[in-house]
Amino acid sequence: MSGNQSNTSENHCIVDNNSLIFTLVPPYILVISVLGIIFNVFVLMVFCLHKKACTVAEIYLSNLAGADLALVCWLPFWAEYTRKGFDWPFSESLCKVTSAVIYMNAFCSIYFLVLVSIDRYVALVHPLSHERIRRPFYAKLGCLFVWGLGLVFALPIFIYRKLKFNPQSNLTQCSLDLPQNQYLASEVITIIFSFIIPIIIISFCTVRIFQSLNNRLMEGLSSKKMEQKATTLILAVLLAFLICWVPFHVTKILDVLQNTGILKCHITLTIVQQISTYFAFFNSVLNPILYVIAGNNFRRRAKELSKQWNNKTTETFSLMSTRITTLRLTKSQATL
């Protein structure tokens, strides 16, 4: 999150109150929130209410949808904060909770994608051992670990986020209350664990997946159609993640360099950082769309669930109709 939260205080780094950011961003965030809630609830319903058990990849994707849903549910508070020119209108406790929840679920989303990429890597590159490793029980343990890790990393955000009045801008800001050296250390740790490490793992797995598919093609070996389709979906999700989140983390790195004095503070970087942050949020809406476009298995599950509900609805109406008919017959016999 980057709503005027750096400890830099130079005049030319403060976004002007008349900036288009405060006009265009709030409705954009609200649209992202509404679409994200609708789409991710739909994804969770398809994965969780279907009578068939989820595969390992689907366990990861359903947890990803859960993280995306939690993130977009709290974005309207940030939309209002932005609309007011980064003047926080709510309580300090809401400042803490909103920031921590958004940070935690953004962090968890990234690591669920790491688990997804590792799963595809094992399935395609090490097919002989994947049956032993790729079990739903281990997948659920992995998801629990990611949620726990996200909670640990979000805890400092909850503790050190405070409302601070900035006399220079005359704004009450929801920002990290840390000394400059600790602030920079926390930013570096965030960049390492939420960007550099995941991007290395995801890149390695993706390259090896492409190599494996290419080798099979060259050798004339045919992969299972289900595996190929699942891999197409995963690669699409990973590509969407890279497109949406890489600009955000690049501007984060530039922000750290700016705060250390290596780069001079400039309004352009501040504006780009805001834009890249809100562009990253779009990933929470994009993932469910990709499931429908590239996920054949997901579409099949959705159709089966729809039929399942239609059958239940038909049975319910049929039962109600039978009961009403029986009651009418009973009443008519009683009058006779």
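Cβ from N, Cα, C; glycine included.
The transmembrane segment annotation in TrEMBL covers 28-47, 59-77, 97-116, 137-160, 188-210, 230-248, 278-298. As annotated by TrEMBL, domain 'G-protein coupled receptors family 1 profile' applies to 39-291.
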Residues sitting near the transmembrane segment (278-298): Cβ under 8 Å, six or more positions beyond its termini, same chain?
-> 25, 28-29, 32, 35-36, 39-40, 42-43, 46, 55, 58, 61, 64-65, 68-69, 71-72, 75, 106, 109, 226, 229-230, 232-233, 236-237, 240-241, 244-245, 247-248
Does the transmembrane segment (97-116) come near the transmembrane segment (28-47), with 3+ Cβ pairs under 8 Å (pairs 6 or more apart)?
-> no
Per-region confidence, the domain 'G-protein coupled receptors family 1 profile' (39-291) (mean pLDDT, whole number) | 86
Stretch of maximal Cβ-Cβ contact with the transmembrane segment (137-160) [cut-off: under 8 Å; candidates 28-47, 59-77, 188-210, 230-248] | 59-77
May I ask for the residues of the chain that lie six or more residues beyond the transmembrane segment (59-77) and have a Cβ under 8 Å from a Cβ within it?
-> 29-30, 32-33, 36-37, 40-41, 43-44, 47-48, 90, 94, 97-98, 101-102, 104-106, 108-109, 112-113, 115-116, 119, 136, 139-140, 142-143, 146-147, 150, 237, 281, 283-285, 287-288, 291
